[in-house]
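Engineer: Dropping a structure here in structure tokens format, bear with me for questions.
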Amino acid sequence: MTKLFNDPARFTEDMLVGFLDANSRYVVGVPGGVVRAQTTRPGKVAVVIGGGSGHYPAFCGTVGPGFADGAVVGNIFTSPSAEEAASVARAAHSDAGVLLTTGNYAGDVMNFNLAVDQLRSEGIEAQYFAVTDDVASAERGQEAKRRGIAGDFTVFKCASAAAEEGLDLAGVVRVAEAANAATRTLGVAFDGCTLPGADHPLFTVPEGHMGLGLGIHGEPGVSEEKMPTAAGLAATLVDGVLGDRPDAPEKRIAVILNGLGRTKYEELFVVWGEVSRLLRDRGYTIVEPEVGELVTSLDMAGCSLTVMWLDEELERYWAAPADTPAYKKGAAQQHVSGERRSEATARSASSGPKLAELSDEDGRAGARLVARAFDAMAEALADAEEELGRIDAVAGDGDHGRGMVKGSSAAREAAASALSEGAGQGSVLNAAGKAWAAKAGGTSGVLWGALLTALGARLGDTGRPDSSVIAAGVRDAYDALIRLGGAAPGDKTMLDAMLPFTEELERRVAQDESWQSAWRAAADVATEAARATADLRPKIGRARPLAERSVGTPDAGATSLALCARTVADCVTLSTQGEN
């Protein structure tokens, strides 16, 4: 259990305060994460890694010479926002471009690609790459669907060494692709991990068993097996990884036996003795192995085995020196191109027109209703946090409730601030959407941000939107989710509640029903649709590898969307009664 914290909701922020103070020789804080304490030298590609926290030393612990130039730090097991990723990349960038790289998770892929788009619009050359090493998360031939777990480390290390050597951005991306194609990982869990403040783990493993094929975000394994001896575990891991080996003739391999947070180093060394013997018996030469904690999952008990097949180039980068807070190899040279950073900051946005200048009285009246709706949503989601987390943990990482609370709380504050500045309903929704995406992180954060900003763009800041405009705004929101999320109705996502909600609202509005009444009826339809997702199997996201396990449990994203729709309906009813 994660026992030491102040406010569980601020665990990541509090962790960063201590980390930065303890490692000021290596890193400084910037909005969204950390960068090297020394500026990036001219001509060097900046490598920015990242993801949710809870994996230390991944990701902030490997920022320094020979490794990453920056790390984007999200909330526990939650993708950082696009704004945070872009902020860290700007701070790390010198003049040769930026590679942003993460494990292959929907939220990271969405947010970091959005960050790349933003950086390119500012004239910064940027690329994104996702690691896909987890052999348990998708079958051979479907490698693009695989998660990134401890193989993140080998890919990040080689790409960073290539950048340190002076390769251009295309060359660094090529090395990342080669390292990823050569890397395979299989993990096991003996017990689940517990989020700060929670009184139970995200999953449990029956006594005397282990979960095979775990994820690093608290996702349980894809199957359960009886707990073997150390020798038996070594054989399971070696057979699993080598059984999926790439079509490569190389017999020289980099190997990581990675602890997940609670498994003792002494235990890992016992297992390593067996792993190394099995690999050598099969004719492999092990190059500079790593045994220890490199990519963890809070206090999860378990370990994983990673193998990267080495050609001459990858071996050079794997063996290259590095000097970071948590990982050191050889003697890495400090490249200083100027004064030591005191702090790097993201570019400040230019100020636009004052919000009050864009609105009229009707728009400001609508803004007051929108702000009240965000108040109500934040309270409803706070009450539902534990249940949403429980639903999400059945086949996912259990962070949905916490992410929705952080997002809705940030949206509530942003809406209130915009309202105080005289904003109309469109600007209030826009501000709330941006805040939700920035603070919630993860897949749901970026999707809710897109939903709210699309709705706000349609409603505008002047006049009182009629029922047809509101229905069109909801359709715009749905279309934004389709464009950004890559999911479709039936995939067991929030779309399975959003589409019925949208269609019912449109149908009733087309029959001249008031939007208030239509919204209530549509919310009821969305609630039933969310419940019906219990019968679906997820086809996208972290729950996909555990699709069968999720049957019988509704989708957390659909459930929370329906809850928000009902809450808005209640808020509208109260407001209407107040006017009467």
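Positions of Cβ are set from backbone N, Cα and C atoms, glycine also.
Per Swiss-Prot, the features are:
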ACT_SITE  His217  active site, tele-hemiaminal-histidine intermediate
BINDING   Asp397, Gly398, Asp399, His400, Gly401, Arg402, Gly403, Thr443, Ser444, Gly485, Arg542, Asp555, Ala556, Gly557  ATP binding site
DOMAIN    7-327  domain 'DhaK'
DOMAIN    368-570  domain 'DhaL'
REGION    329-360  region 'Disordered'
Engineer: Determine the mean pLDDT over the domain 'DhaL' (368-570), rounding to the nearest whole number.
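Structural biologist: So the average pLDDT across the domain 'DhaL' (368-570) works out to 92.
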Engineer: Would you mind pulling the DSSP three-state label for Asp399 (ATP binding site)?
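Structural biologist: The three-state answer is coil.
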Engineer: Using C-alpha atoms, which one of the binding-site residues Asp399, Gly403, Ser444, Ala556 comes nearest to the residue listed as 'active site, tele-hemiaminal-histidine intermediate'?
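Structural biologist: Comparing Cα positions, the closest of these binding-site residues turns out to be Asp399.
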Engineer: Who sits close to Ala556 (ATP binding site): which same-chain residues at least 6 apart have their Cβ under 8 Å from its Cβ?
Structural biologist: Leu388, Gly389, Ile391, Asp392, Gly396, His400, Gly401
